[in-house]
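Just passing along the structure, written as structure tokens.
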């Protein structure tokens, strides 16, 4: 039969091993890693501000809660700096202002970040305004702006102090607070006209703003928020993120709604005339501009409970409001519905419109956010709601009617020391809060309130509350596990006795902080430097396994199912157990967001499963389910044109020692980055029925699929043509040298002649617009990746023996069993390199799935492995 006839050839064959075959796979590709640490937000009341600041020595951003403004007159100080900084040869001009605010019961109404111990922008040690709280003293006064730098608080110089010193200066400034601030001078606008030709990908940009949907508070203009790769705007090159759209053809976009602007743009013809307003100067290397978030930087975001158009409640995440003279990052969720093309993935922008209007926010309400700094500590968490810092939205528009959270800071303070009864009704997100504690009898504390969850909507719980009892079960001395079990098993209606204990909670935080510091010191002293922080991370990964949320009983809230090969946008990877993510579709991020198991959780559970499997398995029996962690020594697998086999001795050695060469690697998620390619991707199909699939693709689509010409040292026969049948190599030594230099993706020897498929042969086909069908082993996948010819690698995974025998009726049951086992081993060996795994009960079903995968993965934008660490 098919396989048996080649077994007789084994003794005549020897294999060329590449030097890197036995080395661990590190995807030796040219990749960049961008790990830019972004600021974090802590929302606290004025009363316990100093306590939490003492605990959070590493906090990057603090909240000064809102109150009323003073009627103090405006005092403008026009002093200038002694030395004017230069950027790209241009002077950066600043203006200075002294602003007097009257503090009320809750604070000054703005947030700050920065300091000498944790600079907010570049290496600048200044204290910067990061948010103006609506309704607060600063907002009502109207002069303080986001990105203003505070130089002095009353008579205290804070131009070069630590973050905690600045907070202390603000806290102790008294009821009348004089702020001396520095800001960039507003940049004027230049009007230009741009002519665009739509083309197949449309105009290629996204917009935000409009009447009732202001992108910049107080400004009804329509702004460009994204330039899409391959679209008309990108090809033209003049339209930029941050440009203000003034006119489309003969239609003015001044004082129009968001919907009207969208309709005007969508109803244009092939030629579109735009009139746009541009900043006169953009400092491309401005040290005071925020870091590039195109890669892994995550700006501080806050959850807002919004009222949707259909009357239902939804969540929306907003960035700190944009100030004049500043660049502002634009989050993807603001760009979903109004793209005029189908972008393959969300692209984040860092340049925004610069205007001279005050930037105090008017349409956003703060929601208390847990910094989740405990997530990396050696204390377990029980998540009753979604993880903090979520991005949840179902509309691209930026503003709808906001709903004030019912829990106010003033009320939180008044609840201190009073045990109180809280009745909650579980919703789709559980109870909507997280707990920590339960070690050494320290108590169970609320560490996070999910915006819009039952706890938040009730307004009766807050961060720092100690849970005394749940449905009559005393939790004052309970362990974390006991508290989690009590909450999880409490039914739909849960009665909680809680007591606000800020001092106890602060001591608990301090304890965790000390433990983290000890862990950090130990990690650094041991040289590992691998201690992971709790900072919110955003990245893209490729799933290396199937996940069904309905089968995971441990989900803390709404889960997200996915398949092997799916690209996931991980919005928050700060938690050790659960990540927040969306699937990345062809048109961008999916609206559906949920939690997925973290890399750590996946690997831990799989190792536990494998231990059980090995414990229960009989000696010498291989798990037929084929767990995805098995990794064996790489070997050449049969190719119809090149039968590259191991020699008999090698085969017997590996058969007798099945665990030899196995690496303890569990496939969970692979970090990826998006890349544009200018070639047609090669196609490698592995698994049963691959030959028939390959033949059908070339037969049905000869204009889209082809094969490359292999090399050989075998003498040319009379009927053969050099360059058509083979590239006939005269010098065996030269071909051996080329093999050693990795110029071949696969090579071997048969009857004393060398055969091989060269990278150049594959590239020749790929650059001529055809998918090169390759009948090679899984080893070739990585070698093509190294050559930056990223193949579409599809693995056909049989469901069971029956479909195999049905699709190939010549197979006996024994042969089908061997084919099935070979497929499982193939997945174990090369699973990390597959683009997709397909399954089907019929050949037609498998063929159609393969065609769909190839169509979706053809490019020009593809996801490739990156070196970012998980």
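Placed from the backbone N, Cα and C atoms, the Cβ positions cover glycine too.
Below are the features I grabbed from Swiss-Prot:
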| type | residues | note |
| --- | --- | --- |
| DOMAIN | 98-184 | domain 'PDZ 1' |
| DOMAIN | 193-279 | domain 'PDZ 2' |
| DOMAIN | 421-501 | domain 'PDZ 3' |
| DOMAIN | 536-606 | domain 'SH3' |
| DOMAIN | 680-855 | domain 'Guanylate kinase-like' |
| LIPID | 5 | S-palmitoyl cysteine |
| LIPID | 7 | S-palmitoyl cysteine |
| MOD_RES | 28 | phosphoserine |
| MOD_RES | 58 | phosphotyrosine |
| MOD_RES | 65 | phosphoserine |
| MOD_RES | 307 | phosphoserine |
| MOD_RES | 328 | phosphoserine |
| MOD_RES | 360 | phosphoserine |
| MOD_RES | 365 | phosphoserine |
| MOD_RES | 406 | phosphoserine |
| MOD_RES | 414 | phosphoserine |
| MOD_RES | 505 | phosphotyrosine |
| MOD_RES | 530 | phosphoserine |
| MOD_RES | 553 | phosphoserine |
| MOD_RES | 627 | phosphoserine |
| MOD_RES | 635 | phosphoserine |
| MOD_RES | 750 | phosphotyrosine |
| MOD_RES | 755 | phosphotyrosine |
Indicate the candidate from 505, 553 with the smallest number of other Cβ atoms within 10 Å of its Cβ, considering only these modified residues.
553
Using the structure shown, find which entry in 750, 755 (the modified residues) has the sparsest Cβ neighbourhood within 10 Å.
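Each of the modified residues 750, 755 was scored by Cβ atoms within 10 Å; lowest is 750.
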Where the distance is taken from Cα to Cα, which of the modified residues 553, 750, 755 turns out closest to residue 505 (phosphotyrosine)?
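Ranked by Cα distance from residue 505 (phosphotyrosine), first place goes to 553.
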Roughly how many angstrom lie between the C-alpha atoms of residue 755 (phosphotyrosine) and residue 553 (phosphoserine)?
52
Could you say whether, by DSSP, residue 755 (phosphotyrosine) belongs to a helix, a strand or a coil region?
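In three-state terms, residue 755 (phosphotyrosine) counts as strand.
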Using DSSP, would you call residue 505 (phosphotyrosine) helix, strand or coil?
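DSSP assigns residue 505 (phosphotyrosine) to helix.
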Sorry to bug you, but what's the C-alpha spacing from residue 553 (phosphoserine) to residue 750 (phosphotyrosine), rounded to the closest Å?
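One finds 54 Å between the Cα atoms of these residues.
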What are the DSSP helix/strand/coil residue counts across the domain 'PDZ 1' (98-184)?
14 helix, 34 strand, 39 coil
